[in-house]
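Here's what TrEMBL has on this protein:
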type    : residues                               : note
BINDING : Trp51, Tyr143, Lys265, Gly299, Arg390  : substrate binding site
BINDING : Gly111, Ser112, Asp236, His300, Ser301 : pyridoxal 5'-phosphate binding site
MOD_RES : Lys265                                 : N6-(pyridoxal phosphate)lysine
Amino acid sequence: MTTLSQRDQAVIWHPFTQMQTAPMPIPIVRGKGSVLYTEDGGELLDMISSWWVTIHGHAHTHIAERVSAQLRTLEHTIFAGFTHEPAVQLAERLLPVLPTNQRRVFYSDNGSTAVEVALKMAFQYWHNLGKPRRKVVAFDDAYHGDTFGAMAVGGRSAFTAPFAPFLFDVTYLPAPVPGREAEVLELARAVFTDEVAAFIVEPLVQGAGGMVMYEPDVLDQLFAMARTQGTLLIADEVMTGFGRTGKLFASHYLTEQPDLMCLSKGLTGGTMALSITTCTEAIYDAFLSTDKMKTLFHGHSFTANPVACAASLASLDLLLTSERQADIQRIADQHTAFAIRLRQSPVVGNVRQRGTLLAFDLVTSGQTSYFNNIRDVAYDFLLEKGVLMRPLGNVLYLMPPYCTTNAQLQVAYEAVFALLAQLEA
Ligand SMILES: *Cc1c(COP(=O)(O)O)cnc(C)c1O
């Protein structure tokens, strides 16, 4: 009998996976809350919200019901020349909870395309004004997605090396992590000229780059500096949005407001592929004209898919309840207590937290092959303990769904301590 894993291996090419050496994929048959159930009867605590998307837990009945009802009513319609209730209602409900200058919603279907749209809006904004600007500023080790424009503004690494000749030039600033603020602000003074079209950042937490965290104050100063030159500010909140950082959006920690925002991942509660790029009235206005050439010529087959919009409305219903907001605070408090204990471990460094997101480095003086392989060792060890975490190199992090109970968090924390004990030995 062939297993699902074997059938998979015959026909599938997985994301971010070296198919020659990767272990067999684990078949998941069901999910509920923070738990994934494996084919062989095992349970995994999903402490990464299934790649940072599942904010209310798996198979949530409220979202399932809204999605099911929408599927029976209108599953899809073209969005050029047509509209529908879920798309309009989602924009109506989302705009009031975003920074107050955000006025227009443009739909696409994943985080990378939300970034592509923001970049195209920014470049064409300057084009339409008749003052073309070509430069973009981003942070080192940024991650904005895997399509070409998104790759171009991300930090350059082994992942992007084969495509380097095809990526447009970007000027990078070091991330203004604690202790480096003054240095970055000094560098920025030379970088922000009136040739810079846009400055794109993951506000407060750089996710895929290793859960690099920095303070709102320095980002406010950088935003203010860029803005004196008219540069458009893009907040890529694909990961940080929808409560992850403790506030509804990381931009809410700032005084300066971004001009454009990119949202996806938690938008649908992690059920469907949908993304949004929002912008200010000034950007929107720069595309209004009797001249057709000023149009934003961009769209996707599944733009504003009604089922995905319905999932997002259901997710917002849940997210905006006081109960869910209390869950976010509860998880943040649990993390804070865990962080105090973590800091006592000799193999843990740079413990950092923003809301429901806790990260730390595994550090060791010994350069044994065991430690060079630390990422795989940690991943396998935790999986064995029934905890799904996915270290980024030597960076371990917890990004649980908001429904995760304190008891479940304790299980994950104890698994981490067991790993640390093994590394300390
Ligand atoms: C995941 C991510 C993206 C890309 O989103 P996809 O839906 O995977 O294309 C973009 N920006 C940030 C900050 C992300 O974390």
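Keep in mind that glycine also has a Cβ here, set from the backbone N, Cα and C atoms.
From a predicted model like this one, the values you see are computed outputs, not experimental measurements.
Features recorded in TrEMBL, as mapped to the structure shown.
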residue : record                              : Cβ neighbours (10 Å)
Trp51   : substrate binding site              : 14
Gly111  : pyridoxal 5'-phosphate binding site : 28
Ser112  : pyridoxal 5'-phosphate binding site : 22
Tyr143  : substrate binding site              : 25
Asp236  : pyridoxal 5'-phosphate binding site : 33
Lys265  : substrate binding site              : 27
Gly299  : substrate binding site              : 15
His300  : pyridoxal 5'-phosphate binding site : 16
Ser301  : pyridoxal 5'-phosphate binding site : 9
Arg390  : substrate binding site              : 18
Quiz item: For Asp236 (pyridoxal 5'-phosphate binding site), which DSSP three-state class applies?
Solution: strand
Exercise. Check the binding-site residues Ser112, Asp236, His300 for any whose Cβ is under 6 angstroms from an atom of ligand 1, and report them in sequence order.
Key: Ser112, Asp236
Exercise. Can you grab the distance from Gly299 (substrate binding site) over to Asp236 (pyridoxal 5'-phosphate binding site)? Cα atoms, rounded to a whole Å.
Key: 19
Exercise. Measuring Cα to Cα, tell me the gap between Trp51 (substrate binding site) and Gly111 (pyridoxal 5'-phosphate binding site) in whole angstrom.
Key: 12
Exercise. Specify the nearest of the binding-site residues Tyr143, Lys265, Arg390 to Asp236 (pyridoxal 5'-phosphate binding site), where nearness means the distance between Cα atoms.
Key: Tyr143
Quiz item: Any idea what the Cα distance is from His300 (pyridoxal 5'-phosphate binding site) over to Tyr143 (substrate binding site), rounded to a whole Å?
Solution: 22
Quiz prompt | Top Cα neighbour of Ser301 (pyridoxal 5'-phosphate binding site) in the set of binding-site residues Tyr143, Lys265, Arg390 | solution = Lys265
Quiz prompt | For Gly111 (pyridoxal 5'-phosphate binding site): DSSP state (helix, strand, coil) | solution = helix
